[in-house]
Amino acid sequence: MTTSSYFLLVALGLLLYVCQSSFGNPHTRDSGTTPDRDHSCGGELVDRLVKLCPSNRKRRGFPSMLKARAKRNEAFLLQRDGRVIVGDCCDNYCTDERLKGYCASLLGL
């Protein structure tokens, strides 16, 4: 990949991120709402997945890799399974046991 192609790809990615954040994301909690213990949205949900899901990969690099992947596209992992996790854990009540049920499909284990 040439330098100009790489630059164009990065610029388009940043433009997409700005457009998405300026129109709002329905899967992140408003700043005016108080966080519940069992309701998690966006980065909070990714953090819960990192803590709850077992991994066969190296422990040192896996959480940071998962967080970086999610931050690239505002909860990319949450969009993979048809917003089912968002419905269970962001919009509604979600227990840790229920969230553990999504580990295999989300992390490809």
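A Cβ is built for glycine as well, from the same backbone N, Cα and C atoms used for every other residue.
Of the listed residues Cys94, Cys103, Cys94 is the one Swiss-Prot pairs with Cys89, by disulfide bond. Neighbours of Cys94 (disulfide bond), defined as other CB atoms within 10 A of its CB across all chains, total 21. Across the structure, Cys89 (disulfide bond) and Glu44 (4-carboxyglutamate) are spaced 10 Å apart at their Cα atoms.
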